[in-house]
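**Student:** This is the structure I have questions about; it appears just below.
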Amino acid sequence: MQKLINSVQNYAWGSKTALTELYGMENPSSQPMAELWMGAHPKSSSRVQNAAGDIVSLRDVIESDKSTLLGEAVAKRFGELPFLFKVLCAAQPLSIQVHPNKHNSEIGFAKENAAGIPMDAAERNYKDPNHKPELVFALTPFLAMNAFREFSEIVSLLQPVAGAHPAIAHFLQQPHAERLSELFANLLNMQGEEKSRALAILKSALDSQQGEPWQTIRLISEFYPEDSGLFSPLLLNVVKLNPGEAMFLFAETPHAYLQGVALEVMANSDNVLRAGLTPKYIDIPELVANVKFEAKPANQLLTQPVKQGAELDFPIPVDDFAFSLHDLSDKETTISQQSAAILFCVEGDATLWKGSQQLQLKPGESAFIAANESPVTVKGHGRLARVYNKL
């Protein structure tokens with residue numbers, strides 16, 4: 001059991017105050033503190049103190065004894081800690097993204113390698129051969145977009161902007177997946193006069209439309225006034241997660257985080273195809289080839305947890321990670337898994353022990369539990385979040 005020393009990513013969209021207000025993390029230079037990373041990602045691994053008292057990378061520690069620390073099954077299947085755990089603090093909208101599935105990631109990665117596209121090139125889509133399933137768990141009210149709305153809903157929302165682009169009128173005549181695909185690509189492809197005219201029609205519709213999703217379009221327009229992604233809340237479900245609610249983000253499904261603080265768990269991948277709300281490169285043909293143009297009703301988007309005593313388990317449809325919450329009390333309970341785990345203190349305080357070793361966690365602090373240290377005993381007040389594998 002080792003307490004983690006974690007790094008903060010200072011992306012421009014991050015909140016300057018959330019990590020300080022929630023977890024007392026200092027921000028003397030008033031930087032945006034977008035993400036706190038917990039894990040062993042090569043870009044920014046957590047660190048731990050070793051037996052000699054030196055501060056070392058968790059990635060290096062795991063590398064030295066994978067089977068013991070990760071567990072036999074995870075070491076064999078993934079060869080590394082297969083997940084990255086984050087606290088994400090969005091003060092402004094992130095780009096609309098789509099993550100390719102595993103098969104397409106393998107093909108795309110090999111193709112771009114063969115073409116000799118450098119890893120850091122703006123037009124590089126595939127940074128690795130992995131998929132990137134994600135779970136987001138709200139710590140504060142959290143605004144997001146996820147998956148296409150039901151087509152009847154899209155039709156009704158597009159009526160006030162029917163004249164903005166011929167592809168909108170075309171979709172309204174026959175609302176089906178193929179025409180939605182054309183509409184999606186056409187809106188992203190808009191340039192110059194065509195784009196200015198479409199956005200002017202959308203903005204004039206805002207004057208007469210109230211409630212959602214128009215309110216979300218207004219919010220986004222404060223940050224991206226000239227981005228064709230402003231049409232996306234008319235096509236995608238706008239989701240407001242209350243604290244304690246969670247949502248899984250499937251491959252090939254457009255989504256965006258807009259505002260709020262959440263825990264996010266993801267597979268170890270950087271494969272992102274952007275689809276708006278970004279100054280970065282958008283590869284429209286590759287994007288459209290990796291999107292499933294199918295509707296997902298908003299009432300099916302939340303992940304329903306399963307309660308087992310003091311544990312809330314959030315079922316995940318992939319093996320890359322599992323996520324659960326533990327309500328703590330003065331009564332000792334055990335936490336066990338066949339894999340490594342990262343425990344994060346969401347609120348209150350936690351005391352963990354294994355044999356003679358004891359560890360205290362305060363809000364915002366986290367610990368790495370090796371597979372061979374399971375089970376650990378825990379008690380306290382408040383809540384722990386646990387990320388691990390069910391292999």
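Even glycines carry a Cβ here, placed using N, Cα and C.
When I checked Swiss-Prot for this same protein, it listed these features:
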type	residues	note
ACT_SITE	Arg274	active site
BINDING	Gln97, His99, Glu134, His255	Zn(2+) binding site
MOD_RES	Lys280	N6-acetyllysine
**Student:** Including all protein chains shown, what's the count of other C-beta atoms within 10 A of the C-beta of Lys280 (N6-acetyllysine)?
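**Tutor:** That number is 9.
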**Student:** Within 10 Å of the Cβ of His99 (Zn(2+) binding site), how many other Cβ atoms can you find? Include all protein chains, please.
**Tutor:** 26
**Student:** Let me check the 10 A CB neighbour count of Arg274 (active site). How many other CB atoms are there?
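**Tutor:** Excluding its own Cβ, Arg274 (active site) sees 22 Cβ atoms within 10 Å.
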**Student:** Want to know which recorded positions, from Gln97, His99, Glu134, Lys280, are within 10 Å of Arg274 (active site) at Cα; which are they?
**Tutor:** Gln97, His99, Lys280
**Student:** What other residues of the same chain, not counting Gln97, His99, Glu134, His255, have a CB atom within 8 A of the CB centroid of the Zn(2+) site?
**Tutor:** Val98, Lys132, Leu249, Thr253, Pro254, Val272
**Student:** What's the CA-CA gap between His99 (Zn(2+) binding site) and the residue listed as 'N6-acetyllysine' in angstrom, rounded?
**Tutor:** 16
**Student:** As a test of the contact definition, list every same-chain residue at least 6 positions from Gln97 (Zn(2+) binding site) whose Cβ is closer than 8 Å to its Cβ.
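**Tutor:** Listed in sequence order, they are Pro254, His255, Ala256, Val272, Leu273, Arg274, Ala275.
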**Student:** Take the C-alpha atoms of Lys280 (N6-acetyllysine) and Glu134 (Zn(2+) binding site) and report the distance between them in angstrom, rounded.
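**Tutor:** Between the Cα atoms of Lys280 (N6-acetyllysine) and Glu134 (Zn(2+) binding site), the distance comes to 21 Å.
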